[in-house]
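**Q** Dumping what Swiss-Prot says about this protein:
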- 1-21: signal peptide (SIGNAL)
- 121-128: motif 'Cysteine switch' (MOTIF)
- Cys123, His285, His289, His295: Zn(2+) binding site (BINDING)
- Glu286: active site (ACT_SITE)
- 330-360: region 'Disordered' (REGION)
- Ser358: GPI-anchor amidated serine (LIPID)
Amino acid sequence: MVRICVFMVFLLFFAPSPVSAGFYTNSSAIPPQLLRNATGNPWNSFLNFTGCHAGKKYDGLYMLKQYFQHFGYITETNLSGNFTDDFDDILKNAVEMYQRNFQLNVTGVLDELTLKHVVIPRCGNPDVVNGTSTMHSGRKTFEVSFAGRGQRFHAVKHYSFFPGEPRWPRNRRDLTYAFDPRNALTEEVKSVFSRAFTRWEEVTPLTFTRVERFSTSDISIGFYSGEHGDGEPFDGPMRTLAHAFSPPTGHFHLDGEENWIVSGEGGDGFISVSEAVDLESVAVHEIGHLLGLGHSSVEGSIMYPTIRTGRRKVDLTTDDVEGVQYLYGANPNFNGSRSPPPSTQQRDTGDSGAPGRSDGSRSVLTNLLQYYFWIIFGLFLYLV
């Protein structure tokens with residue numbers, strides 16, 4: 001019994017802490033105090049570095065170096081925690097690579113346009129992996145010459161992949177996904193992810209089915225705050241919004257401290273509040289990572305790393321479609337246009353054995369009690 005108590009204390013204090021994130025159908029539903037907190041994005045302080053250039057020293061510049069290191073632009077790991085405020089060659093090279101990736105004027109100077117891009121909320125996945133950027137390179141797929149005209153045309157693709165081009169194996173085309181039960185998500189929130197999966201399902205031979213058993217699903221989805229066990233801690237509202245891992249890992253984590261809009265009305269466009277993030281827009285992007293896509297330098301594409309607050313972007317572009325079809329092929333029923341998303345597909349394989357039962361309406365406390373009950377019960381059976 002003592003061993004069980006010790007184990008429970010360990011779980012309570014050291015296990016990743018899921019959070020009950022804030023979900024709102026529209027801006028008027030967001031409490032005013034949360035809107036005020038959301039506007040205090042610490043990244044906005046980077047705007048004070050406008051005009052900074054190599055050879056100078058600026059107070060607080062070390063924080064911008066930490067930003068660039070997090071997203072892969074600075075690879076010198078021995079400098080972690082020891083960055084200076086000097087605008088050195090390391091930072092200049094990082095700025096130049098960032099400007100190339102986002103198709104900005106490459107100067108190595110922290111001009112206004114560059115810094116305005118830097119402070120936009122974004123995906124937590126890096127743009128540069130092991131010192132190599134795939135965002136700006138593109139791939140020339142074909143070239144056509146016209147005799148007598150001296151003209152050449154070529155098509156360039158901007159989609160990218162994780163190193164090694166990982167993908168789900170051919171024998172796993174019906175992928176399952178589940179939500180961390182400790183988040184106690186409602187059906188309204190879960191339906192947002194269903195719509196997001198459908199957008200990728202329509203253009204590939206893959207299918208996505210919601211199940212209840214979180215521990216055995218191909219894709220696991222959860223909302224967390226701060227450090228949550230994967231070495232990629234979240235950093236508060238309006239900075240890194242979410243991250244997802246390459247196949248076949250299947251982990252999809254979202255920042256539980258954001259104000260999430262779940263209305264899901266219409267296609268691309270703007271939502272009515274600038275201090276909130278459209279959940280479906282972020283979900284569609286992160287599912288692209290789950291399938292093996294990296295970031296794209298095409299600003300209108302789903303796989304572009306940033307999304308402006310108040311923006312809704314959910315429609316796959318040609319770049320997104322061609323990238324995922326390179327990995328998996330096309331859906332034989334796809335004709336180049338989207339149809340309205342079908343109703344949510346769900347196959348209940350939960351431990352409860354109750355067909356069709358959903359945990360979406362249960363409280364956070366109920367889910368936590370059930371979660372720890374099964375841990376204690378399992379340990380009891382093991383020890384006796």
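Note that Cβ sites are derived from N, Cα and C of the backbone, with glycine treated the same way.
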**Q** Would you mind giving the whole-number mean pLDDT across the motif 'Cysteine switch' (121-128)?
**A** 94
**Q** How far is it from His295 (Zn(2+) binding site) to the residue listed as 'active site', counting Cα to Cα, in Å?
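**A** A Cα-Cα distance of 10 Å.
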**Q** Inside 10 Å of the Cβ of His295 (Zn(2+) binding site), count up the other Cβ atoms and send me the figure.
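**A** Its Cβ shell of radius 10 Å holds 27 other Cβ atoms.
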**Q** List the Cα distance (Å, whole number) between Glu286 (active site) and Cys123 (Zn(2+) binding site).
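**A** Glu286 (active site) and Cys123 (Zn(2+) binding site) have their Cα atoms 8 Å apart.
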**Q** Where DSSP helix means H, G or I and strand means E or B, what are the helix, strand and coil counts for the motif 'Cysteine switch' (121-128)?
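**A** Output for the motif 'Cysteine switch' (121-128) reads 0 helix, 2 strand, 6 coil.
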**Q** So for His285 (Zn(2+) binding site), how many other CB atoms are inside 10 Å of its CB?
**A** 28
**Q** Would you identify which of the recorded positions Cys123, Glu286, His289 has the most other C-beta atoms lying within 10 angstroms of its C-beta?
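**A** Neighbour-count leader: Glu286.
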